[in-house]
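K.L.:
This is the structure I have questions about; it appears just below.
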Amino acid sequence: MSSSILAFYTAVLSVPSLGFLIDTVQQITHRQICYTGLGCFSTDPPFTSLYRPLSVLPDSPETIRTTFLLYTRSNPTTANEQVLSAGNLSSIETSYFNSHKPTKFIVHGFTHNGHRQWIRNMVAQLLIKDDYNIIVVDWGHGAGLPYTQATANTRVVGAQIAQLITVLQQSFNASMGDMHIIGHSLGAHISGYAGERLQHLGRITGMDPADPYFQGTDEKVRLDPGDADFVDIIHTDSSSFLALGMGTSQAMGHVDFFPNGGKNQPGCDAGLLAKLGHTVWNAVSKLDYYAAEGAVACSHERSYELFTESINSACPFRAYPCTSSDEFHNGKCLRCHQDDCSEMGLNANKYRARGSLYLETEAASNYCDFHYQLNVSGSNNFDGKLIITLHGSKTNAGPIQLMKDIEVHNQGTIISKMFKTNIDVGEVIGITLDYEKTSNLVVGWAFPDAWTLNGIAVWSAADQKLYRFCAYNKIAANHVKTTFGVSDHCT
Ligand SMILES: *[C@@H]1O[C@H](CO)[C@@H](O)[C@H](O)[C@H]1NC(C)=O
Ligand SMILES: *[C@@H]1O[C@H](CO)[C@@H](O)[C@H](O)[C@H]1NC(C)=O
Ligand SMILES: *[C@@H]1O[C@H](CO)[C@@H](O)[C@H](O)[C@H]1NC(C)=O
């Protein structure tokens, strides 16, 4: 506060008839506010810092009007949702809440509310999976503009969740280890504030935790691994703040998943920034955020699409340790050693893998992919496209193009390519190669029409298995599809 404003308030306070201002001024000078049952919230450091220069006090619970909406298999829809209140035990006693069953909280982020379609979808998939108690935390009245205020309000919502969980544990004997909070964006940090107030909360899943005002801050301010016994994060929109990235790139969990590198998601329009002509979060906030959201937030919202698909997906969303998303894309990281791989989404807690894990997905549902590495080498130089079809015990996948029209490879070198498909082919039984020599006449004359192969091998990352094919000394002729079986049956 500037000294002239301080001087003003000092002057005002010296006039007794203006005493009614004292409350307001105390709030400003002390930068702290207390709410019954929830404790006090201060904007002192670390809540004010370089990363959050403007820090405000949270609104009151009366303003935020957080509601806890219970869904179970006995009341699965919004038409029969039940409202739970930490301060009213009979609201819990008379509900379908069953303390013997695990509980999933779902917490939305900025500008959303508890009745968004994505939340209904997630509730529906969770109830197909198991008879959970699902508690949707609706803090929509506190989640609106401006962003700074919504950010402050997350602290109150986190405290309210902790309060409800404490009641569920102390009055209903629910197990702390069975509590799992799933939060998106600001909701991920809310989950952290809740977990910080509880001993051994079971799990927090942070779906693209919000970046502005959180990245780089103290662990007290943001979600961190200390907030629950297991914290797993899905990063989907961590391109820089200035490029409208809304999610954090900072690792915040025991395990952090970076689908498609975690920055931008396939199928989301990366050119949008140019169209908008705005580069700063606050500029976006001032646009009709609600209308633009679907397009602007596509990568940010992909995090919950991926989590929801993971709940009942037959494809496992397997993820692998790697040094970078480029290395991953080049197929260098598809081998697992000593439990260092995991699955992104609901099953992440079944694995011991820790640290940053990578995977790629499709641009649309079904997102989950099976990843493979293909090695192929020939005894002559070649230049052209390679299109493959993978044959499996269940079905085939392809055609998948692995090389561009002009891509020169020298004899004897092993060409190694990663490829992926959302089709579960089962056991690999064969591969079809379609080699299309470059159509470029200027360079094409230098290369033979047919490609004489030294070998083909495919590593299936999902089942960690190597398949070799009967390709030695066989010919892949230009524009001819040639099929090779796995090598146990070579003739
Ligand atoms: C407490 O919850 C019960 C059951 O939902 C409801 O009937 C009652 O009105 C609530 N009491 C208060 C004070 O809100
Ligand atoms: C509370 O739950 C534990 C298991 O989590 C159980 O052993 C114990 O008997 C329960 N107590 C009551 C009073 O139901
Ligand atoms: C492909 O070649 C690389 C480099 O030689 C090797 O590390 C990898 O295991 C090979 N993969 C397959 C499928 O043979």
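Placement of Cβ uses the backbone N, Cα and C atoms for every residue, glycine included.
Automatic prediction, not curation, is the source of TrEMBL annotations.
What TrEMBL records for this protein is below:
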type: SIGNAL; residues: 1-19; note: signal peptide
type: ACT_SITE; residues: SER185; note: active site, nucleophile
type: ACT_SITE; residues: ASP208; note: active site, charge relay system
type: BINDING; residues: GLU219, ARG222, ASP224, ASP227; note: Ca(2+) binding site
type: ACT_SITE; residues: HIS300; note: active site, charge relay system
type: DOMAIN; residues: 368-489; note: domain 'PLAT'
K.L.:
Under 8 Å Cβ to Cβ from SER185 (active site, nucleophile), same chain, six or more residues apart: give me those in sequence order, or none if nothing qualifies.
P.N.:
HIS108, GLY109, PHE110, MET207, ASP208, PRO209, ALA210, MET246, GLY247, HIS300
K.L.:
Per DSSP, what is the residue count of the domain 'PLAT' (368-489) in each of helix, strand and coil?
P.N.:
7 helix, 69 strand, 46 coil
K.L.:
Which of these recorded positions has the least crowded Cβ, counting other Cβ atoms within 10 Å: ASP208, GLU219, ASP224, ASP227?
P.N.:
GLU219
K.L.:
Identify all same-chain residues not among GLU219, ARG222, ASP224, ASP227 whose C-beta atom falls within 8 angstroms of the centroid of the Ca(2+) site's C-beta atoms; report them in sequence order.
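P.N.:
After dropping the recorded site residues, what remains is GLY192, GLU196, LYS220, VAL221, LEU223, PRO225, GLY226, MET252.
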K.L.:
What is the Cβ neighbour count of HIS300 (active site, charge relay system) at a 10 Å cut-off, with all protein chains included?
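P.N.:
Result for HIS300 (active site, charge relay system): 26 other Cβ atoms within 10 Å.
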